[in-house]
Amino acid sequence: MSPYTLSMLMSSLAVGTITTLSSYHWFLAWMGLEINTLAIIPLMTKMHHPRATESATKYFLTQATASALILFSTIMNAWMTGEWTIVNMNHDTSTTILTIALAIKLGVAPFHLWLPDVLQGLNMMTCLILSTWQKLAPMALLILTSHQLNTNLLIMMALMSMIVGGWGGLNQTQMRKIMAYSSLAHLGWMVMIVPFAPNLALLNLLVYIILTSSMFMTLMALNSTSMNKLSTSWLKTPTLAAFTMIVLMALGGLPPTSGFLPKWLILQEMTKQHLNMLSVTMAMSALLSLFFYLRLSYTISMTSPPHISNSNLNWREKNNLQTIPVMIMLSMMMMPMTPALLVMN
């Protein structure tokens, strides 16, 4: 792809997200979401492979459906109440349709089936954009309208996302599908806390973006798309493989990594709301995700190829690794900084 085309598409992605984040009117927010969708589709199809075309088609159809539902719900709300502003969604049917539309946009269960298949057909950089940047605009709309959405519906979808994200990743061997189910489980934690403490949902989103970016960057550096390829990473770059294990533990939410911080604060807030059984279920569902992160760590550190391959194995492969140490340090250091963050809050 031409650098000029790529820069134009990346600029369009930024403009679409910023338009949605800064809008006060529903039509402008919808327009930003549309710019986002149309800008990423050429990035998805740049590989000229049938799987990439299939992924782009699935993504376009699901996002178009979600956008149509958002437009329908906002028009219905304007018709009933005469209000187009984002913070004034007062009609019950409109808010229910909007909740479902934003769940489709984000890939929250039970509207998650497109996410693993779409990610599996893309290259790692596009997967990174789809898993991080593309979540910002819908999550911002979810947080802005959180005080008006159906709380029971959000809790049901969030709990289903955590369980499906944990169960779905257990049987996967492809790294992109594992990261898709990991994204689904993390989205469940974010959506769960949105009705009770939107600021914690923002913190969880920040930590999720840092950890997911770190993981995709290390996978790109190791050139690993499956667990079999990941098992040779210790031979190529031992230091990076060791740091990859730390990022995996952070994704699983083990202390003292950054991934434990939002889970701890979310469970604390849920118990303050006297939702004890729900908190226990959330903690148990996190163990499912932790299992496949531990399995990946085991694959990296304790397995090696059974014989020397006939192909040329890159020894101490040179990669562009300048940004990876920064992301990995953020993956490790936010948890020790928690007391300072709580005092500032």
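For all residues, glycine too, the Cβ spot is worked out from N, Cα and C.
According to TrEMBL, the protein has these features:
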DOMAIN    23-288  domain 'NADH:quinone oxidoreductase/Mrp antiporter transmembrane'
DOMAIN    290-341  domain 'NADH dehydrogenase subunit 2 C-terminal'
TRANSMEM  24-44  transmembrane segment
TRANSMEM  56-76  transmembrane segment
TRANSMEM  96-115  transmembrane segment
TRANSMEM  153-171  transmembrane segment
TRANSMEM  203-222  transmembrane segment
TRANSMEM  234-254  transmembrane segment
TRANSMEM  274-294  transmembrane segment
TRANSMEM  324-344  transmembrane segment
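For the transmembrane segment (203-222), the list of distant contacts is 124-125, 127-128, 131-132, 135-136, 139, 175, 179, 182-183, 186, 189-190, 193, 229-230, 233, 236-237, 240-241, 243-244, 247-248, 250-251, 258-259, 261-262, 265-266, 319-321, 323-324, 327-328, 330-331, 334: same-chain residues at least six beyond its ends, Cβ to Cβ under 8 Å. Sequence-distant contacts of the transmembrane segment (153-171) (same chain, at least 6 residues past either end, Cβ-Cβ under 8 Å): 96, 99, 103, 108-110, 112, 116, 177-178, 181-192, 194-195, 278, 281-282, 285-289, 291-292. If one looks beyond the transmembrane segment (274-294) by at least 6 residues along the same chain, the residues whose Cβ comes under 8 Å of a Cβ in the stretch are 155, 159, 162-163, 165-167, 169-170, 172, 178, 181-182, 185, 188-189, 192, 248-249, 251-254, 263, 266-267.
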